[in-house]
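Participant: The structure follows.
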């Protein structure tokens, strides 16, 4: 049948970095006969997935959002972190019209300025330097009640590393003589992205009503009490910070709320609980009518609140270019990485392109993925293999979340099991691609599972790495690999393998040359 398509499949193994040392390396120590043979026998190279190569500051570890934006754009996309660092350094942040108007409004009406966000130097969802700049902006413009609601990390940072950040902000508020840390809570609750509304409700009640399971006189004492209960930063239970005699810092009508996370995927849910009139994820005991709610960057097109830094639009991303050339494409992943192969890969475009189908596989409902390291990979592989053999698609883009999601738990044995599960999946994908006479690229968006312990601290290493990632070609063409690539070279590589023109906006270079 002449209309049967021979697909080009891009398989992204999330968190699957390349590291030569075996110590604490869940990828190298796992039994991976399939990937081993592919690496030995197929054209392959290593590509950069962090720092300046993906538009992040030099040395900054890569992450899934940044990785997928670069994969889909075919050019280095300067990330919000880099953009905001530059704005603060050059002083423009302090005159941002959206932020200054929101603070001025609170000052004029005698209301509080609430600042919330992930208090972390991780630089993945936020950066504490940006939060510090926001505190300074509010104080400079005359805000007299400044409340910081700190979401704690321990995922993109070491599991117990929040104390220095809390001390830094406590000292800043003391220096200003104004404002305080009003609450602390782990990101597990405040930044869920998987519709676990019971978690989000705990964060919402803490923020709106100053209602939490625990109370402490100061943030460091609250954190130390959480550690004594066995909670790492990520899992710190809702804790109200309020010294004897202090008024509570609940959010009230007319207050200003500024959300300082710059990454969208884990900011959306809690934002919707504040701003959606029809929100029904849980019963909100208190609905606050804010004077201003500001999101630092755009979390979703349908969230209709002011945005301090709207997105710069990307034209002729890989998905859009396929649409313009009447090609069909499929995006497929589990819940945890679905936004990455759709919204982020498409350069921040929410709606599918014409000819773009999407398949969402539900991630398992477990507390943490070390409890089910295989996640939903069996169902994902079954659907992927079926799509490869369907003859419907020119291109299929798939993300397997296991390496990253299990890597984040810090559980080495579970990460090994996750990697071994992936090897079995890849075997099935390779067979399906060969049967369809298609082409397959296997890569990753960033590293994680190859470094499961921090050699400096001895703690579990739950964060991403700055290491390179593999790129392997399997298919019906004789190709030669080019060295020195990066994630933004993948889209031009794919267009080249499809013998399509590469748009001028894509500055990446093909990494496999047809011989």
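Just so you know, glycine gets a Cβ as well, placed from its N, Cα and C.
Keep in mind that this is a model prediction, so the values were computed, not measured.
When I checked Swiss-Prot for this same protein, it listed these features:
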type: BINDING; residues: 14, 64, 445, 446; note: Mn(2+) 2 binding site
type: ACT_SITE; residues: 64; note: active site, phosphoserine intermediate
type: BINDING; residues: 125, 155, 156, 187, 193, 263, 264, 265, 266, 337; note: substrate binding site
type: BINDING; residues: 404, 408, 464; note: Mn(2+) 1 binding site
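In terms of burial and nearby residues, how do these features look in this structure?
Facilitator: For the recorded site, residue 446 (Mn(2+) 2 binding site), the DSSP three-state label reads coil.
Note: residue 64 (Mn(2+) 2 binding site) has non-local neighbours 14, 337, 340, 344, 404, 445, 446, i.e. same-chain residues 6+ apart with C-beta under 8 A of its own C-beta. DSSP assigns residue 64 (Mn(2+) 2 binding site) to a helical segment in the three-state reduction.
The 10 Å shell around the Cβ of residue 156 (substrate binding site) contains 21 further Cβ atoms across the protein chains shown.
All chains included, 31 other C-beta atoms sit within 10 angstroms of the C-beta of residue 404 (Mn(2+) 1 binding site). DSSP classifies residue 404 (Mn(2+) 1 binding site) as helix under the three-state reduction.
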Participant: Taking only same-chain residues 6+ apart in sequence, whose CB is under 8 Å from that of residue 193 (substrate binding site), what do you get?
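Facilitator: In sequence order, 265, 266, 268, 269, 336, 339 meet the Cβ cut-off.
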Participant: Between residue 408 (Mn(2+) 1 binding site) and residue 156 (substrate binding site), what is the CA-CA distance rounded to a whole number of Å?
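Facilitator: Cα to Cα, residue 408 (Mn(2+) 1 binding site) and residue 156 (substrate binding site) are separated by 8 Å.
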Participant: In the structure shown, which of the binding-site residues 14, 445 has the fewest other Cβ atoms within 10 Å?
Facilitator: 14
Participant: For residue 464 (Mn(2+) 1 binding site), which of the binding-site residues 125, 156, 264 has the nearest Cα in space?
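Facilitator: With Cα distances computed to residue 464 (Mn(2+) 1 binding site), the winner among 125, 156, 264 is 156.
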Participant: For a quick check of understanding: among the binding-site residues 408, 464, which residue's Cβ has the most other Cβ atoms within 10 Å?
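Facilitator: That would be 464, with the highest Cβ count within 10 Å.
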Participant: I'd like the number of other C-beta atoms within 10 A of the C-beta of residue 125 (substrate binding site), please.
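Facilitator: There are 26 such Cβ atoms around residue 125 (substrate binding site).
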